[in-house]
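Q: What follows is a structure written as structure tokens; I'll ask about it next.
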């Protein structure tokens, strides 16, 4: 619908929510035509009404008429189907009455499969008033109810489409600010696939329409306020992230409740589809969407060599894990819609603590197995998880009681027809408990399941490499949780006033999941049982249990009346044990632990029945799962415990019911009590003689309470054992929904096995009209198929149990019928030919003998087989022991050789240490000696240098004195020039030269001696360096030997010696 079609707009917050929080509705995407302006205030001044055309009625009608120009929606194809008309069930209070036209019309039915919104609204048969009693008389049009004389006050954009406060505020604003209103007629459909229409009251033409699945919320004004005669509904605007509220006013206030009741009826009802709808459905965009159901199960080591599924707390929806226990992750992937895709393999199972984790934070687990399940419906991946790994430390520490942790699991799959791998990501809550805590809870579900929607795009032929290449590429993968997180609203609800000005939200119940009539019986174990219970009832039961625990041997007085109304599901496990008298059953618990270790002769029958017990229940449907394993143990233990009866067909159903409410040990104890104390095992004894007595009693009760049905059964030759055998042997647990089964067990444990007659008569009485119309085959089919399906509705089951409880069947009457039966049997026995009786008894004994012989042969064969297997195991063990002995001797010899080698190496190492220490001391002494010699020579050289310098200085001083004296002497001055040299006297010169040559020769001799001493010193230094190099060479050889022996400590010692020696050598140089 165009934005122009809205009568008025109120500026609200721009934080509009884009999607709806329900599976029932389509995705709302953004259309950027108009964006609501931001409203930072909350008063009426800031949220004023803006009416198109300044309040002109003609302009208003024109704008509303534009709605008819909207393009057709993609999710509603043009196919039209006949819709079965359903009458409106309403209350006849006030001046309103219902009238449906006789003409049947054709409505367009959307092909999108929607789950109906939840709502609980009481529906009572209406009492028709006269048509002229009110101008608001509904008129049926297009399978709908039409209400006239309504005033349309306008519409506005809202940010919180399910907020009652926001809706009432908008209703008040629109009512107070609307000056010119528009009279309309409102057409409300009777089914959830219909469309709400606004009609012109004059011309009966359509002004606007709103599909029911787009209407999110209905509300009416509070009593005592000006808006008490108004109602409104919010709808998701087509192709925009806008939610709009439409407000109406009724001339008669009482009409508001009738209109909201019509909306409630539309929410609840679903039109019956004709067979043509399946064949005429065109291809939708969903044909490229493949839905997968992915389940996660966590198993822990139970200490017995097996892995058992951990329990799941339904209140917190979290797994309960034990700290430090090895675990396994099991993933079940099952495709639920579209063409089947072949899963080729799994190449990765990953785990990480936390929520919304990155791919880099995921840690790979070791894969143990992958492949199709035994039934071929799902692909199973199993991986081992070591919680002690540092990566998983967060989920291996005990969690406080008031907190939970998140854990993310991912599985990567290769699908044959898909071009790239697909990853399914599961986020779950977990709580870590102490490893010593016993996790016994009768939870029916120990796995978590998530639905994924994989959208694929087919690759064109020219884009493929070859014909065998993949056919699809992934467009997007989205989980159901992600869809819900993007949605902003819950399922539609209707608000109705209560006393005063208060109003309450009444959610609509899910649509009855009615299946088409077929010959398939209802699967056992069907029907979800809610743990919700009124607080007052829980308080009453709490007080009763407190009193009961004070004296467990005496039942409280009000117990029977409370049990008749049903025991709260959360308390059934405890109450059943108290009713059965299992408060002191330690001996049975210990007995059970011993019995499960023994072999049962009826093992094959038990295994066969286990696979057929409660296939519709999640806890028992998996072959080899925890549920079937526990059920097998209980049945096997009882077959060994009760040797006279053993296991009889049907006991598994009763055991399964008990196992859903208590651990194995307690379930076994209650089963024993029911079989022995309540007399159920008597039905299986003496060729079912007591069971036939029960059939006779039932037929006599039918003759008294339902004589016409009794006579009809006689006419069609239908006997009680043909339809009631399963009722008595399984206590109604085999075919009926679980909430009805649990209630029957409540009554049986409280009042005894005679309750079966009450329930059986109740079933026959409520089905009398149908059974009277059947023949022999039809009656059997009715008991097998139609009768259990009739009680899929919990309301029908409650009515049946009320009828059964109100039936008064005295024990005196049952005793009387029992005596009649035994008298009749005695008469038959007396009238019977003794020869025939003996022949029959003989045949029975022969059959028993043959059966025992067969069992003997089977046991003998099993014994021989066991002996052969044990002999084989013993031979294998002996061979393995011989091999281990040989290996042990070889290992001992290797150990002796290794010890000798160790001693030899230790001796060599000690010798090498001593040699190195000796050479090191010698080298240190020589280095010290050389150092002292070098120091002495350095001192001598320095002294000679100082002495030479002193002599030169003294000579210069003496020459200077002589020159001064010569200059002062007039006679001698003539012999010397200005530079101090002799002018011409050769003799003097010779004398002086001679003296100078002698002095030089003396100095040269002294210098030559010093050079000789220095050369000798250098020679000694070179010899010392040669010795040091020789020592270093010896050290290198020793180091190589140590390295060859791989003695690291000696290597470090030699390295330190070498380093010290090298440093000292350099200092010496």
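Positions of Cβ are set from backbone N, Cα and C atoms, glycine also.
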Q: Of 482-527, 528-573, 574-619, which span is tagged region 'Disordered' by Swiss-Prot?
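A: Of the candidate stretches, Swiss-Prot labels 482-527 as region 'Disordered'.
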Q: Measuring Cα to Cα, how many Å separate residue 360 (phosphoserine) from residue 649 (site 'Glutamine finger')?
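A: Computed Cα spacing between residue 360 (phosphoserine) and residue 649 (site 'Glutamine finger') is 54 Å.
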Q: Please name the residue among the recorded positions 360, 649 whose C-beta has the most neighbouring C-beta atoms within 10 angstroms.
A: 649
Q: Helix, strand or coil: which one is residue 360 (phosphoserine) in, per DSSP?
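A: Reduced to three states, the DSSP call for residue 360 (phosphoserine) is helix.
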Q: Mean pLDDT for the domain 'PID' (142-298), as a whole number?
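A: Mean per-residue confidence for the domain 'PID' (142-298): 79 out of 100.
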